[in-house]
């Protein structure tokens, strides 16, 4: 009896030890498919905690693996795979042309590169407007096939509110988007700021409230006057994310290419929003590097010995030259011999 009790206690002690050594967080039931270190992976809980503490939430767009890695390294809270890829990656004048399949390619690339931020994927135009069931089906694909944690949809019409509610009820986190909604430029008459008169300003606040009621965990406020954004932020219990909406939102979002000053081409210069601060002129650095590369290749400066690392031993080279000559490739043998001589370090 005593021996059996000892064995049971030993097994229980080992189980407790394993549980304490587990990398699963204490407050979760299942580990999930991703590393669940609560000090690293950003979740809705982390965003809500930041919001309660009054700490601004940082959001930046990303569209591929390198940009996602940069966001991850910088400690950005939320990585948005935006349909703005239609403009800054694919070169279109609007966000309308990009397809769901194209968005999913961007989502998967970003998911491989950003391990810390909360990942949010835009629902592209034409993939959620017809019905709530279409919206849910699209949102499910963005999570299952794109590897996202949440989705974002634009607009505040009754059908959009219903769609947002249906997506949330399907178990998918949703960010709303009001103010300037680029997918609706046909109705808005272009990329025009909203909330600049009484009716429009009230509509911004009421629409944001309706999205909150539908279950959205956050709302993007785009291109509205700061007092309107401040009113919406004060009225809501969920965080607001501003873009061209002033400093009174719960957080801010900018497009990766815009804030880095990557696009120097006149096509993009004409659509770069004036509310965007450029924190770098990466485009100039890229242009300079490409021109320098072109010049060095043209002058046969690159690649030199230091960038030609793969060597062949003298004995193997001699044998290679002999074989070339046997095959009648005397000219090729001479070229190989001269190349070997030129690759020798200068004395």
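Heads up, the Cβ atoms here are built off N, Cα and C, so glycines get one too.
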Exercise. Quick one: which of 64, 122, 258, 318 does Swiss-Prot put in the 3-methyl-2-oxobutanoate site with 83, 84, 152?
Key: 122
Self-check item: Other CB atoms within 10 A, centred on residue 152 (3-methyl-2-oxobutanoate binding site)
Solution: 27
Quiz item: For residue 83 (3-methyl-2-oxobutanoate binding site), what is the tally of other C-beta atoms lying within 10 angstroms of its C-beta?
Solution: 28
